[in-house]
Amino acid sequence: MILKLVLYDNPILRKKGMPIDSFDDRLKRLVQDMLETMAYYKGVGLAAQQVGLNLQLAVIDVSGSKLSSSLLIGGKPAMVEEHMPLFLINPTLSYTQSKEISNEGCLSFPGLRIDVPRSKRVKVKTFDLEGRPWYFEAGGFLSVAIQHEFDHLQGKLFIDYLSAEQKKAIKEELEKIKRGEAILSVKETD
């Protein structure tokens with residue numbers, strides 16, 4: 001089921017998600033609905049806050065991206081595509097390398113792209129849909145997507161990385177989104 005997407009300036013986007021404590025069929029259904037919603041809106045990541053839920057849950061799928069990603073599981077290289085989609089459930093991150101600038105968009109900010117400083121690599125502890133912990137390290141575009149979604153789970157938005165001057169430069173775009181005048185891109189249907 002396609003869920004209603006929450007756009008900027010909805011207050012839920014500023015809420016830190018509550019930990020997930022039930023790894024049941026409801027969680028599995030929600031994850032499936034979030035994946036369908038993310039695909040419908042042509043995204044690579046979607047946090048629970050973006051569908052109006054105050055949870056520590058995000059879904060990511062970078063398998064269709066042309067941008068380079070890397071993944072280490074148990075310290076060994078793994079094929080990124082084989083581990084997509086990826087679920088972040090009650091995640092914690094450790095940032096492992098220097099920063100680089102990433103040009104990012106966000107489903108909650110239709111049409112807006114900004115440059116954001118991100119760590120080149122992240123170490124992640126998360127849980128699978130059965131509640132089992134697992135650990136991995138990500139680099140490249142996957143690392144960026146994870147950091148972007150993790151920020152959502154903390155109530156932080158990518159515009160928070162902008163200076164006051166940079167925010168002033170995009171003020172009209174933000175006002176358009178608030179007024180509902182921004183156009184969302186959706187998946188073509190047959």
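Each Cβ is built from the backbone N, Cα and C atoms, and glycine gets one as well.
Here Swiss-Prot flags CYS106, HIS148, HIS152 as Fe cation binding site, drawing on sequence analysis. Annotation source Swiss-Prot lists active site at GLU149, citing sequence analysis.
A simple way to gauge crowding: the CB of CYS106 (Fe cation binding site) has 25 other CB atoms within 10 angstroms, across all the protein chains here. All chains included, 27 other C-beta atoms sit within 10 angstroms of the C-beta of HIS152 (Fe cation binding site). Counting only residues at least six positions away in the same chain, the Cβ atoms of GLY45, LEU46, ALA47, ALA58, ILE60, LEU88 sit under 8 Å from the Cβ of GLU149 (active site).
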